[in-house]
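*Asks:* First, the structure itself, so that you have it in front of you.
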Amino acid sequence: MNPYVLAILLSSLGLGTTLTFASSHWLLAWMGLEINTLAIAPLMAQHHHPRAVEATTKYFLTQATAAAMILFASTTNAWMTGEWSINDLSNPIANTMFMAALALKIGLAPVHFWMPEVLQGLDLLTGLILSTWQKLAPFALIVQTAQNIDPLLLTLLGITSTLVGGWGGLNQTQLRKILAYSSIAHMGWMIIVIQYAPQLTLIALGTYIIMTSAAFLTLKMSLTTKISTLTTTWSKNPVLASTTALVLLSLGGLPPLTGFMPKWMILQELTKQDLPIIATAMALAALISLYFYLRLCYAMTLTVSPNTTNSTTPWRTQTTQTSLPLALSITATLGLLPMTPTILMLTT
């Protein structure tokens with residue numbers, strides 16, 4: 001892709017998200033979401049592969065549907081209340097419609113079906129943008145309006161997403177689909193606590209972005225998109241293979257890694273709110289997710305010689321990827337747990 005075109009598209013992505021962040025008016029927020037969608041579409045289709053074009057079409061249709069629902073919900077709210085302000089979302093019909101639209105935007109269950117299919121058709125870097133940056137603008141709107149939305153709806157979306165994210169990833173062999181289901185499960189954790197402690201949602205979103213960046217960048221470095229090729233990474237880059245295993249365990253939420261921090265604080269908040277059954281359900285759903293992360297770790301670090309694999313062992317080729325973002329994201333993914341009190345103090 002032409003570097004000037006790439007620069008325009010990336011700056012448009014930044015502009016769309018910033019516009020949604022800064023807006024207090026529904027039309028401005030909607031405009032930011034639309035700029036975001038239109039800017040990422042050429043990035044998704046840049047390889048001209050039929051799968052990439054199909055993924056772009058699916059993504060555009062779902063995002064356009066969600067944007068139309070947001071516009072309809074905000075117009076309904078303005079018609080009923082006479083207000084276009086984001087914070088003044090008092091009409092229950094508009095509330096529910098708006099939450100459904102944003103759930104479709106970020107891929108919450110039960111409207112998650114586009115997410116694994118779209119991510120599977122993209123290259124790893126565009127998939128990284130879709131899994132991290134594209135979640136920010138819708139989440140900004142959810143955080144602003146969470147207090148007006150029905151708590152039962154938020155709880156159902158959260159529990160369903162963590163369960164679907166766990167169950168869906170169990171029988172996958174494609175790493176991008178596994179990361180898509182991982183994303184759905186993490187979104188569920190963020191949504192479940194947003195009505196009680198929005199700052200915990202922001203902490204969970206931040207750690208999710210760091211961990212997902214580390215996962216995508218390590219897969220990009222080792223050029224793997226399937227579990228079968230993952231089994232040969234130890235011969236190509238042993239150090240990277242061992243750190244990737246730790247990154248996956250961090251995504252699963254095992255202590256003493258960074259991924260444990262948001263899960264720990266969210267479960268603590270749910271028990272404080274006198275919701276032990278929901279907290280137990282979330283913890284059990286996290287165990288299902290942990291299983292497929294462990295499956296990847298097993299394939300990567302324990303299927304070494306003398307076990308046989310069907311994949312050809314790759315050459316130790318030099319990569320052109322810069323290693324600084326990878327090193328920073330891996331360090332943050334593995335070592336932020338001792339910083340928990342500081343992070344809590346900064347966000348509250």
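Glycine is no exception: its Cβ is also placed from the backbone N, Cα and C atoms.
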*Asks:* Look up transmembrane segment in TrEMBL and report which of 11-29, 239-257, 258-276 it refers to.
*Replies:* 239-257
*Asks:* Might you confirm whether the transmembrane segment (60-80) is in contact with the transmembrane segment (277-294), defined here as three or more C-beta pairs under 8 A between residues 6 or more apart in sequence?
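*Replies:* Output no: the transmembrane segment (277-294) is apart from the transmembrane segment (60-80).
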*Asks:* Taking residues 6+ outside the transmembrane segment (239-257), which of them lie with a CB under 8 Å of any CB in it?
*Replies:* 182, 211-212, 214-215, 218-219, 221-222, 233, 263-264, 286, 289-290, 293-294, 296-297, 300-301, 330, 333-334, 337
*Asks:* When you scan the chain for residues with a C-beta under 8 Å from the transmembrane segment (202-219), skipping those not six or more beyond its ends, what do you find?
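*Replies:* Residues 124-125, 127-128, 131-132, 135-136, 139, 143, 175, 179, 182-183, 186, 189-190, 193, 225, 240, 243-244, 247-248, 250-251, 258-259, 261-262, 265-266, 321, 325-326, 329-330, 332-333, 336, 343-344, 347 contact the transmembrane segment (202-219) from elsewhere in the chain.
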